[in-house]
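Among the features that TrEMBL reports, active site, proton acceptor is placed at ASP238. Annotation source TrEMBL lists ATP binding site at GLY119, ARG182, GLY183, GLY207, ASP208, GLY209, THR210. Annotation comment: TrEMBL describes ASP208 as Mg(2+) binding site. The substrate binding site feature in TrEMBL is assigned to THR236, VAL237, ASP238, MET281, GLY282, ARG283, GLU337, TYR395, MET396, ILE397, ARG398. Annotated compositional bias 'Polar residues' per TrEMBL: 7-19, in sequence order. The domain 'Phosphofructokinase' annotation in TrEMBL covers 111-419. According to TrEMBL, the region 'Disordered' annotation covers 1-20. Marked as site 'Important for substrate specificity' by TrEMBL: GLY209.
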Amino acid sequence: MAAITQPEATNPTADSNGGKTVAQFSLPAVKLQKIPHLSDYIPNLKTLPNPLENNPFFHPSDGFYVSSGDVIFRQIVYDLSGIVPSPNPDHLAYHRAGPRRDVVFEPSEVRAAIVTCGGLCPGLNTVIRELVDGLWELYGVRQIFGVTAGYRGFYSREPLELNPKRVRSWHKRGGTALETSRGGFDLEKIVDAIEDRGFNQVYIIGGDGTMRGAVEICNAIRRRKLNVAVTGIPKTVDNDVGIIDRSFGFQTAVEMAQQAISAAHVEAESAVNGIGLVKLMGRSTGHIALHATLSSRDVDCCLIPEMEFYLEGKGGLFDFLYQRLKENGHAVLVVAEGAGQAMIPRTDAQKEERDESGNLVLLDVGSWLKSELKKWWSRDHPGELFTVKYIDPTYMIRAVPANATDNSYCTLLAHSAIHGVMAGYTGFVSGPINGNYAYIPLEEVARAKNEVNTKDHKWAWIRSVSNQPDFKKR
Ligand SMILES: Nc1ncnc2c1ncn2[C@@H]1O[C@H](COP(=O)(O)OP(=O)(O)OP(=O)(O)O)[C@@H](O)[C@H]1O
Ligand SMILES: O=P(O)(O)OC[C@H]1O[C@](O)(CO)[C@@H](O)[C@@H]1O
Ligand SMILES: [Mg+2]
C-alpha cells in the first residue's frame with residue numbers, strides 16, 4: 001500500500017530552487033482491481049509452464065514474463081498543492097497485461113471462439129487476424145473458430161474454422177470478415193452453444209452493448225462452473241468506452257473525417273456566404289467531431305452531444321455564423337450525429353424507434369441544421385446569396401481498413417487478450433491505460449463511459465481554435 005507523504009508543509013506555489021516545493025501531500029492507498037480467474041470457481045485447476053518457453057522465436061529472457069505484482073496506475077496526474085481535489089478518490093491500479101510464467105490451458109485442448117458484434121470499426125479484421133495468428137504461432141493452438149453474424153451466430157450459424165492462411169490478408173480489409181449484427185442476444189442459447197461446441201476460450205469484440213452482454217455470458221458461465229475463459233476487446237469508432245486511453249480504429253476514423261472537412265471547406269470558401277456542414281459519427285459522445293476539428297483547423301464551430309447549443313438570439317449559432325460570414329465570407333460547421341437531438345421535432349413513432357439492440361434511432365441532425373440554416377437566412381437576409389453544402393460521410397469513416405497506428409494497436413490488444421486468457425483470467429478486457437497495457441475487469445469497462453469533458457483543457461482548446469461561443473445564455 002503506497003502512501004507517499006512529503007514531510008514538510010510549505011508554500012505550494014514556491015518554485016523548486018529551495019527544495020521545498022510541495023505542501024504535505026499523501027496519495028490515497030492503492031486499490032488493485034482484481035481480475036476474475038478460472039481458479040476462483042474451478043478447484044484444483046492444473047497449471048503448466050507457458051508454451052512460449054519452447055517457442056523457437058521467443059526465447060523468453062529475464063523480465064519477459066509479467067508477474068501478478070506488475071501494475072498500471074489509472075491516475076498519473078496529481079495536484080501536489082492540494083488545491084484541486086483528485087477526481088478519483090481511489091488510487092486505482094490494474095494488473096499489467098502480458099505473458100505469464102504459467103498457463104492453465106494445454107494448447108492442444110483449446111477450442112477458441114471469436115465473435116464481432118455491433119457496428120463496424122476500422123481494425124476489426126486486424127484484431128481477428130492477430131487473435132488467430134497469436135493463438136496459432138505463439139501458443140500452438142490449432143482449433144480456432146469464427147462465430148459469424150454477432151451474438152446470434154453462436155446459436156444460429158455453423159462456426160467458421162480459422163487458421164493463419166485463411167486470415168492472412170484480413171488486416172487490409174475494412175469491416176469484419178466474420179460479419180456482425182445488432183440484437184439477437186439470447187443468454188441461455190449462447191451459453192448452451194458455447195458448452196455444446198466445446199469452446200473454452202471466447203474472444204468477444206464489440207462496443208458498450210457487447211461488453212454488457214459479455215458480462216452476462218461470464219456470469220452464466222461461472223454459475224454453470226464451466227472451464228471457459230471470456231475476454232472482451234472493446235471496439236467503438238465513437239471512442240465512448242471508458243478507462244482505456246482510446247479505442248482501436250478511432251484514429252483512422254478521425255483521419256478519414258479530414259477529407260470530408262476539407263471538401264466542406266473548399267465548397268464553402270468557393271461560394272458567396274458559403275457554409276460547409278459535416279456530420280460525423282458519435283451517438284452519445286463527440287470525440288470524433290472534437291478530434292477532427294482540432295486536427296483540421298478549418299472548422300469554425302463543433303457541436304457535440306455533451307454540449308447544449310441554441311440557434312437564435314445573441315450568442316446563438318446563427319449569430320456566430322453571421323459574424324463569421326461577415327469576417328471570412330465562409331464558415332465550416334462540424335456536428336456529431338448525437339448533438340442537438342432534443343431540439344429536432346420528433347413524431348410519436350420516432351420517439352419510440354429503436355434498432356435491434358434497443359438503441360434509440362437518432363434523427364439526422366445534419367439535414368435538420370441545413371434546413372434551419374436556410375430558413376434563417378431567407379427570413380433575415382432575403383435576396384442575399386447563401387449556400388449550405390452538407391456532407392455526411394457517416395459510413396465512410398468507419399468502413400475502411402485501419403491505418404498503421406491502429407493496426408499495431410490491434411495487434412497488441414489481441415496478443416494481450418490471448419496472454420491473459422491462456423493464464424486463466426476471465427471476465428476482463430485488455431487495453432492501454434496511460435500508454436501501458438492492462439487487464440481491466442469487464443464489468444468495470446461495461447459500466448464506464450468516456451464522454452467529452454466540456455470543462456477541461458481539450459474543450460477549451462476547441463473554443464480557442466474555433467472561437468465558437470460557449471452557448472451559455474446570459
Ligand atoms: N445490456 C445488454 N445486455 C446483453 N446484451 C446486450 C446489451 N446491450 C446490447 N447487447 C447486445 O450486444 C450486441 C451489440 O450491441 P449494440 O448493437 O448496442 O452495439 P455495441 O456493442 O454497443 O457497439 P456500437 O454501439 O459501438 O456499434 C447486440 O447483439 C446486443 O443485443
Ligand atoms: O447504422 P448502424 O450500423 O446501426 O450504426 C450506426 C451507429 O454505430 C456507431 O458507429 C457506433 O458504432 C454510431 O456512431 C452510429 O450511431
Ligand atoms: Mg453502443
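Cβ from N, Cα, C; glycine included.
In TrEMBL, annotation is done automatically, which means it is predicted and not curated.
Under a cutoff of 8 A between CB atoms, and with a sequence separation of 6+ in the same chain, the neighbours of GLY282 (substrate binding site) are ASP238, ASP240, ILE288, ALA289, ILE304, PRO305, ALA336, GLU337, GLY338, ALA339. Fewest other C-beta atoms within 10 Å: among the binding-site residues GLY183, GLY209, that description fits GLY183. For the recorded site, ARG182 (ATP binding site), the DSSP three-state label reads coil.
Most other Cβ atoms within 10 A: among the recorded positions ASP208, ASP238, GLU337, that distinction falls to ASP238.
Distance noted between the C-alpha atoms of THR236 (substrate binding site) and GLY183 (ATP binding site) is 17 Å. It is 14 Å from the Cα atom of GLY207 (ATP binding site) to that of ARG398 (substrate binding site). Pairwise Cα distances among GLY119, ARG182, GLY183, GLY207, ASP208, GLY209, THR210, which the record gives as the binders of ATP, peak at 13 Å. Checking the binding-site residues GLY282, GLU337, MET396, ARG398 against ligand 1 with a 6 Å cutoff on the Cβ atom leaves no residue at all. When the neighbouring Cβ atoms lying within 10 Å are counted for each of the binding-site residues (ARG182, ARG398), the highest count belongs to ARG398. With respect to their backbone Cα atoms, GLY119 (ATP binding site) and ARG398 (substrate binding site) stand 9 Å from each other.
You'll find the Cα of ARG182 (ATP binding site) roughly 16 Å from the Cα of ARG398 (substrate binding site). The least crowded of the binding-site residues GLY119, GLY207, THR210, MET396, judged by other CB atoms within 10 A of its own CB, is MET396.
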